[in-house]
């Protein structure tokens, strides 16, 4: 009888703990989901480097000019 009560209390405690942690994780995921569409849009937009920023074989300088000797945007 005592063992049964202890097991029931343990199961109730573990269930409550799982529900509490699942709720906190769900809130965290919801926060990241709100940022996800912006991340997808951000990946497809071209970013350019300002003057002094790095450039390489495929320059992405805002000015359109890359000094490939020094690897910087002009």
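Just so you know, glycine gets a Cβ as well, placed from its N, Cα and C.
As the structure is a computational prediction, the values presented were derived from the model and not from experiment.
The disulfide bond annotation in Swiss-Prot covers 48-62 (among others). Sequence-distant contacts of residue 48 (disulfide bond), defined as residues of its own chain at least six apart whose C-beta falls under 8 angstroms from its C-beta, comprise 60, 61, 62.
Annotated disulfide bond per Swiss-Prot: 55-66 (among others), in sequence order. Neighbours of residue 55 (disulfide bond), defined as other CB atoms within 10 A of its CB across all chains, total 19. Taken residue by residue with DSSP, residue 55 (disulfide bond) is part of neither helix nor strand, so it is coil.
All protein chains considered, the CB of residue 73 (disulfide bond) has 21 other CB atoms within 10 Å. In three-state terms derived from DSSP, residue 73 (disulfide bond) belongs to an extended strand segment. The disulfide bond annotation in Swiss-Prot covers 61-73 (among others).
Swiss-Prot lists 1-22 with the feature signal peptide.
Listed disulfide-bonded residues: 61, 62, 66. The one with the lowest count of other Cβ atoms within 10 Å of its Cβ is 62.
Here the C-alpha separation of residue 55 (disulfide bond) and residue 73 (disulfide bond) works out to 6 Å.
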